[in-house]
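Asker: Okay, here's the structure, questions in a sec.
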Amino acid sequence: MQPTDSKTLTNVDATEQANETQTITIPPNKKKSKPSSKTRRRLKDAEPLPFTIDGLSHDGRGVAVYGNGFGETDGHITDKHGKKIFVSFALPGESALVKITNSRTSFEEGDAVRITANPNPERVVPPCPHFGVCGGCNLQHWQPDAQITFKQSVLAEMLVHQANVAPDHWLEPVVGDRLGYRTKARLGVRYVVKKETALVGFRERSSNFLAELNECHILDPRIGFEIENLKTLISTLDSRDKIAQLELAMGEHLPELPDGDQPVALIVRNLEPLSDGDIDKLKVFFAARNWQLYLQSKGADSIQRIALRDTDDLSEQFGRLYYQLPEYDLTFEFIPTDFTQVNLSVNRQMTKLACDLLDLKAGERVLDLFSGLGNFSLPLARLVGETGSVVGVEGSEAMTARAADNARRNGINNTEFYSQDLTHDCTDKPWANQGFDALLIDPPRSGAWEIMQYLPKFNAERIVYVSCNPATLARDTKALLEQGYRLTHAGVMDMFCHTGHVESIARFEKISA
């Protein structure tokens, strides 16, 4: 193929007909931390350069190196021998023409604008027409099973690098819905005067600009295929240029609930009060879809539910959403601003896996740290039975109260929930001195480093650690090994398919003296 300055990528789909291709539009780089204006002009005018992709970075970008003819054209001989370049949309073994988008002293970044030879057999046609522009996901060009295998390799590498350990057993990856799975998100909104239309969606890659979307294949289809209608709605509002964001939350429809069940909620963040006419338009749109409507003008305390019909009960600030864990006969109630796992199908499998790994027996006592709504606490309580107990500890008082409510609604009487700042040693609290057979940790991305400092005082025989960041899991694993635990199991979960995000789970067992 001849070199090209086109900003399109031809994806060769090895799993389809040999001649089938998919074109992905790649926008100009709009990164906030830009090189100098002179460097930007040089990068913009530069021809794409040929590279062979040697491997992948932890976020799924291809890695190539200047030298031996790579990064050179007939009219351009490079002096960057050995310098790495991270290439979006490229897979190992492929030869690609790469448009440089960012140049730094120690590395460069670029986009594969054409695969010229040796397309990776795991390359597929991205299902979403906006892939390459939208920053919502970055791996749709790669077969999903290959993505999750790669994510396990990322976890394995980090465990070796930071803790010098491998688990006794690798778990089978947990996979669920890979499209239409995301039930929580924040979508940016911007009205473009020149185009006389609103944009609704995620930001463009490496940019603060919103991508121009008509649909989203990652979002639950109840919202993902309503984006065009949301754009049209916002464009008709008097305050169309004052809507900043839509926060969405979705639950499951429960057939046993009355007709008032509204499993989709949107919070409209408006920068100034809306006119009565605008509110009426929103009410008509939301009522037709049986969605919950909220307005938010300032902070979280300003969120206001809007009645769509005369029978709506506004005695509380929020309506209710629900999800279920059928394995344990549990129904969870939550409000739109609560933290919940975004992939309900993976969450069902994840909770079962965590419970199985703890290998609980009737009568045992379990401590659940960062317990949230009780997503793990309530299944654990089912397993230990009435003679056992579960203590859930969570930083948010509101979430702690919601967990206790969920326990009562599900007829569970062997749980206790406490609100506590877990970054400080809390082992002097009465709840912490009950003695625990097993412990579950599900911390934020920052991990549980502070907890690692006082965790030995709980003296739990078994620990399951659920992580949304393999780097902090690996760091905390090292601490647990030093405290006399063995890493028996580890694995990854496909919570965020088509992104570089790695969700993982690990089991530790106390080594007998």
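The backbone N, Cα and C atoms fix where each Cβ goes, and this holds for glycine too.
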Asker: Which one, Asp312, Asp313, Asp442, is listed by Swiss-Prot in the same S-adenosyl-L-methionine site as Gln341, Phe370, Asn375, Glu394, Asp421?
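Answerer: Candidate listed by Swiss-Prot for the same site: Asp442.
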Asker: Long-range same-chain neighbours of Asp442 (S-adenosyl-L-methionine binding site), Cβ under 8 Å, sequence gap at least 6?
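Answerer: Set apart from Asp442 (S-adenosyl-L-methionine binding site) by at least 6 residues yet with Cβ under 8 Å, we have Asp368, Leu369, Phe370, Ser371, Gly372, Asn375, Phe376, Tyr465, Val466.
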Asker: When you measure from the Cβ of Gln341 (S-adenosyl-L-methionine binding site), how many other Cβ atoms are you left with inside 10 Å?
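Answerer: Other Cβ atoms within 10 Å of Gln341 (S-adenosyl-L-methionine binding site): 23.
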Asker: Could you tell me which of these binding-site residues, Glu394, Asp421, has the greatest number of Cβ atoms within 10 Å of its own Cβ?
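Answerer: For the binding-site residues Glu394, Asp421, the Cβ with the most other Cβ atoms within 10 Å is Glu394.
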Asker: Using a 10 Å cut-off, grab the number of neighbouring Cβ atoms around the Cβ of Asn375 (S-adenosyl-L-methionine binding site), all chains included.
Answerer: 27
Asker: For Cys468 (active site, nucleophile), which residues of its chain lie six or more apart in sequence with Cβ-Cβ distance below 8 Å?
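Answerer: Result: Pro444, Arg445, Met495, His501, Val502, Glu503.
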